[in-house]
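Enquirer: Can you keep this structure in mind? I'll have questions shortly.
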Amino acid sequence: SKRKAPQESLNEGITDFLVELANYERNVNRAIHKYNAYRKAASVIAKYPQKIKSGTEAKKLDGVGAKIAEKIDEFLTTGKLRKLEKIRNDDTSSSINFLTRVTGIGPAAARKFFDEGVRNLEDLKKIEHKLNHHQQIGLKYFEEFEKRIPRSEMQKMEALILKELDIVDPEYIGTICGSYRRGAESSGDIDILLTHPDFTSQSEKQPKLLHAVVDHLESIGFITDTLSKGDTKFMGVCQLQKEKEEEEEESLHRRIDIRLIPKDQYYCGVLYFTGSDIFNKNMRTHALEKGFTLNEYTIRPLGVTGVAGEPLLVDSEKDIFEYIQWKYREPKDRSE
């Protein structure tokens, strides 16, 4: 997601600057390893129960190295960071960072538009004819997509989606994943995982199982735009309709993704797309220690030679935890 949930923590100043540096490394320098390093440090520090007093103290945490510790010292003594000031005052990086906030514009496209003289929303509107369909929609709803979705609205959308799924075919199973499932107070977008007993990894592709749902949600006015529609993944825009005519406020347009997953791979998918990223990494590492390889599709035992065997049967998230002998964790406890 383009926007991360706000972190409430004692070390917010530190985590904020680390996330900002991370995004700069990813979007402007295309340095994904540096992005990951900053994100990891931010995540560890966000969970640290005390207010950090020095870089040395921070360096004791796993994921905080010497360079990041130095930056923390500078931030704690001066209240700011020379590197960040420089980045913020640098037109290139601030423009590129801004352009990547438009859905459909990744770092490469942002760099290309920047080289063509595009700096802001007004400039983008002038070259709208050069944008692809996805980017045009990203531009059209830019202000709305920037706003986070309150949990109360997510709950309304979840209830509507599950009710309508049941109308299309009661055999569908749907789960809203992402930070919402972990209990977050707000979300950046809606991420739905969908499955049906007729669709397994052994069966033929079943695009109609996905398209029937999308078409139905379009017909009731919930899905308003399509960004892309493949056999197993739909990306688009949705909007809650007014419950009563007299409601003044229209709901905002929101980004929605619907993924159709084979039934036998569904719970590995739900686990993966619930996150968090850090939790997933830790769980995969633990699985490897126990002799299993875990990804968003399957969990498979590793042979002595390190070759993965056949996927194990999974009928719930709990099954996956049991295979790797890990105590089950409720979604709300999966932030790390």
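One is the number of the first residue shown, and numbering goes on along the chain from there.
Every residue gets a Cβ built from N, Cα and C, even glycine.
Bear in mind that the values here come from a model prediction, so they are computed numbers and not experimental data.
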Enquirer: Need the matching range: Swiss-Prot marks region 'DNA-binding' on one of 2-11, 182-191, 202-211, and I'd like to know which.
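Expert: In Swiss-Prot, the region 'DNA-binding' feature sits at 182-191.
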Enquirer: If Swiss-Prot says SER179, ARG182, GLY188, ASP189 bind 2'-deoxyribonucleoside 5'-triphosphate, which of ARG148, ARG151 does it name for the same site?
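Expert: Site partner of SER179, ARG182, GLY188, ASP189 for 2'-deoxyribonucleoside 5'-triphosphate, according to Swiss-Prot: ARG148.
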Enquirer: Name the residue, out of ASP123, ASP225, ASP231, ASP257, that Swiss-Prot lists for the same Mg(2+) 2 site as ASP189, ASP191, please.
Expert: ASP257
Enquirer: Which of these recorded positions is closest to THR100 (K(+) 2 binding site) if you go by CA atoms: LYS59, LYS71, GLY188, ASP191, ASP257?
Expert: GLY188
Enquirer: For the recorded positions listed here (LYS71, ARG82), tell me which residue's CB has the most neighbouring CB atoms inside 10 Å.
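Expert: The most densely surrounded of these recorded positions is LYS71.
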Enquirer: Across the listed 2'-deoxyribonucleoside 5'-triphosphate-binding residues, ARG148, SER179, ARG182, GLY188, ASP189, what is the farthest Cα to Cα distance, given in whole Å?
Expert: 16
Enquirer: Quick one: of the recorded positions LEU61, LYS71, ARG151, which has its CA closest to the CA of SER179 (2'-deoxyribonucleoside 5'-triphosphate binding site)?
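Expert: When the Cα distances are compared, ARG151 comes out closest.
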Enquirer: Which whole-number value in Å describes the distance between the Cα atoms of LYS71 (active site, nucleophile) and ARG82 (omega-N-methylarginine)?
Expert: 9
Enquirer: Looking at the recorded positions LEU61, ARG82, ARG148, ARG151, whose Cα is closest in space to that of ILE105 (K(+) 2 binding site)?
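Expert: Closest recorded candidate to ILE105 (K(+) 2 binding site) by Cα: ARG148.
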Enquirer: Using a 10 Å cut-off on CB atoms, tell me which of the binding-site residues LYS59, ARG148, ARG182 is the least crowded.
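Expert: Selected from the binding-site residues LYS59, ARG148, ARG182 on minimum Cβ neighbours within 10 Å: LYS59.
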